[in-house]
Amino acid sequence: MTMSDDGRPADIVLRLAGISKRFGDLRANDDISLELRRGEVLALLGENGAGKTTLMNILFGHYVADAGRIEAFGRPLLPGSPRAALDAGIGMVHQHFTLADNLTVQDNIVLGTEKLWSWRGHTARARARIANLAADFGLAVDPAKRIADLSVGERQRVEILKALYREARILILDEPTAVLTPQESEALFATLKKLVANGLSIIFISHKLNEVLAVSDRIVVLRQGRVVATRPTQGATSADLAELMVGRAVPMPKIEPQAAGAELLVLSGVRLVGPEGRAELDDVALAVREGEVHGLAGVSGNGQAALADLLCGLRRADAGSFRLLDQDMTGAETASIARLMGRIPEDRHAVGLIGDMSITENMIAERYRAAPFARHRLIDWRAARRFTQDIIAGFDVRCPGPQATTRLLSGGNMQKLILGRELSGEPRIILAAQPTRGLDIGAVAYVHEQLLAARRRGAGILLISEDLDELLSLSDRISVIYRGRLSAALPRAEFDVGRIGLMMAGHGFDGARHAA
Amino acid sequence: MRLEPRVETPFYLWIAAPIAAIAASLVIAALLVMWAGAEPFAVFGLVAKGALGSQFALLETLTRATPLIFTGLAAAIAFRARLWNIGGEAQLYGGAVLAVLLGTGFLPLPAPVLVPLLFIAGAFAGALLLLGPTMLKTRFGVDEVVTTLLLNFIILLFVSFLLEGPLKDPMGLGWPQSRRVIEAAQLPRIIEGKRLHLGFVIAIAMAAIVWFVNARTTHGYEMRAVGFNPKAARFAGMKVDWVMMKVALFSGGLAAMAGVSEVTGLKGNLTLDLSPGFGYSGIVVAMLAMLHPLGVVAASIFVAAMFVGADAMSRQAGVPNYIAHVMVATALLTMVVGMLFTRFRVHWR
């Protein structure tokens, strides 16, 4: 066993040495070494694409590293085996939960730990153990409830309980706060503090600076697959960390006050029923005005996607009305809404772009029927290419050329293409659904800049986001969506993280009717 | 061995992959020929000679390629839109039935009017045969692979009924065959006294039209967009179901033209062995052509050459002509592997 410079061997519970992993030409992990000590929260900080998730997937045996080795509690860890990782006491809470919806909390926790033919018999003992763990670490959840009936925050607690039940000594949490309200995040942090006080070690993966500062003991910053800094949390500042993470200083977006004008997009009494007969939107009223950014806050899965589908013209309201620029759009076709509204969809890969087509073909996707791109059903590809070249130049898209296959571009460049397609016609109304999700900081800044430029020229923008910081810095007004219902809009003067957080958790929604 | 997605496919691979695929299938076929106790090079030589070695052989190959071009185009256009039309055989017979219904004297029109009319009417029948399964797919999510495949057997049985009953030739000595089409309904021969007929020219023209529609018109653009990503196409405002209908009409119509062309150009009447599986071979042709309409012409000639050449070879070398089926089938498999190399890079480790 090797000794480290600053600790006795017993203090190091996990050691990653020289981990490298390539995907084609991309060095996802490049000679990464790090050590996790007993009883600490180690934050792994980095932008999307910095290599955090790849590294943890190697640790957990989902990938095999091209080079490097891993030791857990002083013993080498068999690569490529999740079983070996579990047996070594490593537990992972994924960003997307791995729970069986139709089983109870207890079944989910116990599943896979006991022999199939005997585990029913151990119910009482298992229940007692789960209750103890829950009480010790502040993970309140009813073991008899079905997963399907739990909130997202509760499901996350089940995931943590599952790891603890398997006697994990090392816990890895991948972007755990992405799906939580601010209050739920606080509760999670309290749990993490208790866990490390009991001798567990935690790797906390995040790209949110304030959380990392709040919860961790040490911080490892990854950039482009390499470790660029390892430092104690005490004394670190978010400005330093942001610069380390991005490699340069990051400007914060800001909006200047400006008077809002006429109502461009108006929903009233909108109800949308899902395939299972459940109302995904219920009595929704909303008005987006000229020259404002109207933010829509909410925890993931509370009806944002349904609302965006409705506004994009992909689904039609079961009740209520939808007006756009004083025209009734309640039963309108997708194409006629697309003509009036710039629409930035939530999923740029699956919905925004056709990956297997060229950039040019994607850029004309909403306008290929009419001049200047088509005459008598014949496409003028020269005109299409000229238009595409203008977008590539005007929106700073890095690509080999208009004929390049769209699938091969980075997420940031894909988003710039969508912005170009949707905003180059200077629409008066814009819907931006999660426009910065998964982008690196440079691309995020670019998206914000473009949205604010549209606001300055008087466009009305509905910004749907799960990133509360983004909403707070860009919005003139914020509404909160909770279980398909929309709150009244708060003006900028009344923005308050605590209050909005409580609304995201459903406070103030019971039985009340709302106006925009 | 590991596969890694390619960021970009170098152009030479688009050419090299099909050639390597065909070479690989020849190697595999050579092993089988040796197993059958013959000399591979001699056998391949006889196949080539039998398919291309004389004017007669060449014309025979092109005659055999004609229905394959139609059914290959039908499969290519449907597959590009991810509409898995396996019913080329049914659509082909649908077209043939129409050709016989209208071409045996029911419409006493001069040839320049009657021939186009037969093609249009036949295409219409084929289009309708694919429209049903397509509507079931878009409305109810019924798998079109199953419905179009099973429709082949239903239509074949239906044709069998027609040939035993209403369409049976009274002068046919009891054989299940239809009456012959009238003179005006027969396609002229391209070279006097040879079997190659105008259908071949029509097939080439259809390939050019399909290429043009694909590359230059909004219809072709919509069909490709819907095939690659229906969600994104819908988001952009395309009417995905309607585009699918257009694809179905186009594809079913093309497959049916193969039937019209065989009846009016070659056979003269309808029998149950009008098509030795041209509808299915069209799928192979489309895959070998990587769904490109002009590639379909080349792939059809290749497949036809295999069959025509193997017939000639088996008479001389004593190797069963089933070797042609094996070669076409292995060519398809090696082509699929070849396509893999255009999308992935292989690391041997």
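Every residue gets a Cβ built from N, Cα and C, even glycine.
No curator has checked TrEMBL annotations; they are predicted automatically.
The annotation transmembrane segment is assigned in TrEMBL to B:12-36, B:56-78, B:90-107, B:113-133, B:145-163, B:196-214, B:243-260, B:280-310, B:322-341.
Sequence-distant residue pairs (6 or more apart) of the transmembrane segment (B:113-133) and the transmembrane segment (B:322-341) include fewer than 3 whose Cβ atoms are under 8 Å, leaving the two stretches without contact. The stretch with the most CB contacts under 8 Å to the transmembrane segment (B:196-214), chosen from B:56-78, B:90-107, B:243-260, is B:56-78. Under 8 Å from some Cβ of the transmembrane segment (B:280-310) lie the Cβ atoms of residues 14, 18, 21-22, 46-52, 57, 60-66, 68-77, 79-80, 86, 88-89, 203-204, 207-208, 210-211, 214, 255, 258, 321-324, 327-329, 331-332, 335-336, 339, all in the same chain and six or more residues away from its ends. Panel annotation: around the transmembrane segment (B:322-341), residues 3, 13, 17-18, 20-22, 24-26, 28-29, 32-33, 36, 43, 47, 281, 284, 287-288, 290, 302-303, 306-307, 309-311, 313-314 of the same chain, lying at least six beyond its termini, place a Cβ under 8 Å from a Cβ of the stretch. Long-range neighbours of the transmembrane segment (B:90-107) within the same chain, counting only residues 6 or more positions beyond its ends whose Cβ lies under 8 Å from a Cβ of the stretch, are 67, 70-71, 74, 114, 117-118, 121-130, 148, 151-152, 154-156, 159, 162, 167, 178-182, 185, 251-253, 255-260, 262-264, 269-270, 274-275, 278-279. Within its own chain, the transmembrane segment (B:145-163) has Cβ neighbours under 8 Å at 84-87, 89-90, 93-94, 96-97, 129-130, 132-133, 136-137, 176-178, 270-272, 279, counting only residues six or more beyond its boundaries.
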